[in-house]
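Participant: Below is a structure I'd like to ask you about.
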């Protein structure tokens, strides 16, 4: 038995032992999960070695559940190595309304910025995917639930305008609870601003692919997330404007349909174009981008029709 085989067998035995019912097994399970060596799937309760889960793009190998990932992880998974060029890194949110709930909005921002090492809930920039240049934006749900404030909307609008000017395809990954209430109307106006920028991108006949990740709600759903020329979603994603509980309490007509607001339900109703597992997403995006690239003949010189001589038909 090679050394690698020995480690694989040891890992397998450890995984089996962690399912035991003795107090010692339970204590070790808690300790090793706390140490970050193992992660428990919230869907099937399977324990997976953290490194194995990372190699599988944070997708449970047992049931296919897609764990939530960060914006930097998403970019690392998708883009060609060394191709990422961030844009508008200097933009940071302020507190124009001096909003206060349980604590000042400015303090809440500082807490999330320290916790996530992000200035706001989206990363935008340029890169390449399988050698194809793209403009890409990825929302990060860790930052205030991925809520869209003035900076998030501004960065997405600027990215879209850059893609329009540079004739680049645009890819946006959504993960949001909606507009950021702490910024009031300044957050709501981002819906119109991002939608207008995307219309100009469409008028320039450039491709926009929207990718829905869990969860996507509120003003993000009501604006750029559902405006893609192609709308993709990861399996099991929850997508909607208001949550199911809010809808049930508002309309007062009992339970909503089973699986309401899931990606699978939306696909069956024709609201999205495809459900793509995360492990296949890079390949599928590359295929779609390649299909929509300008054809070679479009760059050839045009033919002067007057210089042609028509031959008589026999």
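Cβ atoms are placed via backbone N, Cα and C, with glycine included.
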Participant: Using Swiss-Prot as the reference, determine which range in 18-40, 41-63 is annotated zinc finger.
Facilitator: 41-63
Participant: Other than its own, how many Cβ atoms are within 10 Å of the Cβ belonging to residue 44 (Zn(2+) binding site)?
Facilitator: 12
Participant: As a test of the contact definition, list every same-chain residue at least 6 positions from residue 41 (Zn(2+) binding site) whose Cβ is closer than 8 Å to its Cβ.
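Facilitator: When sequence neighbours closer than 6 are ignored, residue 41 (Zn(2+) binding site) has 47, 48, 60, 62, 63, 65, 67 within Cβ distance under 8 Å.
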